[in-house]
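Novice: Residues or ranges marked as NADP(+) binding site in TrEMBL: Gly164, Arg165, Gly166, Ile230. Annotation source TrEMBL lists domain 'Tetrahydrofolate dehydrogenase/cyclohydrolase catalytic' at 6-119. The annotation domain 'Tetrahydrofolate dehydrogenase/cyclohydrolase NAD(P)-binding' is assigned in TrEMBL to 138-280.
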Amino acid sequence: MSVLMKAKEAAERVYEEIAAKAENWKRKGVLPRIATILVEGDPASAYYAQAKRKIAGKLGVEFDLHSFRAGVSQEEILGLIKRLNGDTSVHGIMLELPLPKHLSAGEIEKAISPEKDVDGVTPSNKLATVTGERGLYPATPQACIKLLKHYGYTLEGKNVTLVGRGQTVGLPLFHLLQRENATVTVCHSRTPDLASHLALAEIAFVAVGRPGTVTPDMVHEGLAIVDAGINETEGGRIVGDVSADVAAEAKVQAISPVPGGVGTLTTAILYENLLKAIEIQFGEADKG
Ligand code: NAP
């Protein structure tokens with residue numbers, strides 16, 4: 001039977017640490033606060049924002065939801081970000097994606113202060129992800145690695161196949177895996193024979209955004225797969241990028257479920273980043 005790498009326990013551990021740190025900061029008079037920017041129109045984003053609000057409540061973190069109508073202008077959002085950047089009571093800023101077509105997520109993300117950028121989307125945090133310098137790294141790639149390690153896997157010297165080189169997950173994950181000293185093969189839409197690269201892998205990360213990208217005929221029993229994909233089927237079900245048959249037929253050593261895998265841990269890492277952001281804003285010596 002394949003081990004199902006569920007994220008609940010790993011996420012709870014992260015939350016315990018965050019709650020303790022948040023409590024320490026409060027004793028020093030700092031009330032951790034995150035601001036989330038949501039543009040109406042995407043029901044999934046609205047759902048995720050509310051889910052994050054609920055978690056903030058449990059962690060003792062203040063959560064401000066800034067909700068805009070679908071027709072909001074880019075300038076209005078940039079104006080809010082400018083205000084939030086200058087507001088010392090706000091320690092983290094997050095933009096819910098996707099945005100309506102008339103808005104540029106890239107331009108809006110660039111406006112966020114790097115010290116408050118809990119999603120690791122600003123140019124300087126992207127660079128820090130590459131170089132390993134201090135900064136706020138993107139949450140989902142961190143969650144992929146943390147989930148795997150929670151189940152006792154190590155990365156140093158391992159053959160890793162990474163499927164997907166997108167800006168949000170694959171590309172930053174590649175850099176984090178380099179620093180874990182894994183030997184990484186990156187596959188993408190022009191890779192002619194994905195199966196040949198999975199055959200050589202001990203560990204695979206899949207972040208494509210297409211259900212059924214990895215099928216049972218492509219995998220082997222010595223493989224552990226972390227599936228970062230989130231896809232909605234026509235019936236409204238959430239599925240990953242790896243076909244459900246892979247786990248059902250026990251074709252691999254271990255696999256992370258969707259939902260209940262990478263996504264679950266990603267939310268926890270966002271709050272871990274918020275506490276890191278506070279450390280950065282108040283100086284390394286004054287840890288919570
Ligand atoms: P993206 O920017 O669209 O990148 C997709 C990548 O997949 C690209 O590199 C693309 O190749 C590659 N690709 C497309 N078809 C392929 C195929 N048939 N075989 C191999 N590679 C293929 O996506 P993203 O924003 O990084 O997101 C990836 C997935 O992660 C999505 O399902 C997204 O919903 C999910 N996600 C999950 C979380 C979470 O919290 N769990 C957070 C963010 C995103 P090219 O580069 O050649 O185009």
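Along the chain as shown, the residues are counted starting at 1.
Quick reminder: no glycine exception, Cβ is built from N, Cα and C everywhere.
A TrEMBL annotation is a machine prediction, not a hand-curated record.
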Novice: Long-range same-chain neighbours of Ile230 (NADP(+) binding site), Cβ under 8 Å, sequence gap at least 6?
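Specialist: Residues satisfying the criterion: Gly209, Ile238, Gly240, Val258, Pro259, Gly263.
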Novice: For the domain 'Tetrahydrofolate dehydrogenase/cyclohydrolase catalytic' (6-119), what's the model's average pLDDT?
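Specialist: Residues in the domain 'Tetrahydrofolate dehydrogenase/cyclohydrolase catalytic' (6-119) carry a mean pLDDT of 96 in this prediction.
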Novice: For the binding-site residues listed here, Gly164, Gly166, which shows the highest count of neighbouring CB atoms within 10 A?
Specialist: Gly164
Novice: Using DSSP reduced to three states, classify Arg165 (NADP(+) binding site) as helix, strand or coil.
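Specialist: In the DSSP reduction, Arg165 (NADP(+) binding site) maps to coil.
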Novice: Other than its own, how many Cβ atoms are within 10 Å of the Cβ belonging to Arg165 (NADP(+) binding site)?
Specialist: 18
Novice: Quick check on the domain 'Tetrahydrofolate dehydrogenase/cyclohydrolase NAD(P)-binding' (138-280): DSSP residue counts for helix, strand, coil, in that order please.
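Specialist: Counting residues per DSSP class in the domain 'Tetrahydrofolate dehydrogenase/cyclohydrolase NAD(P)-binding' (138-280), I get 55 helix, 26 strand, 62 coil.
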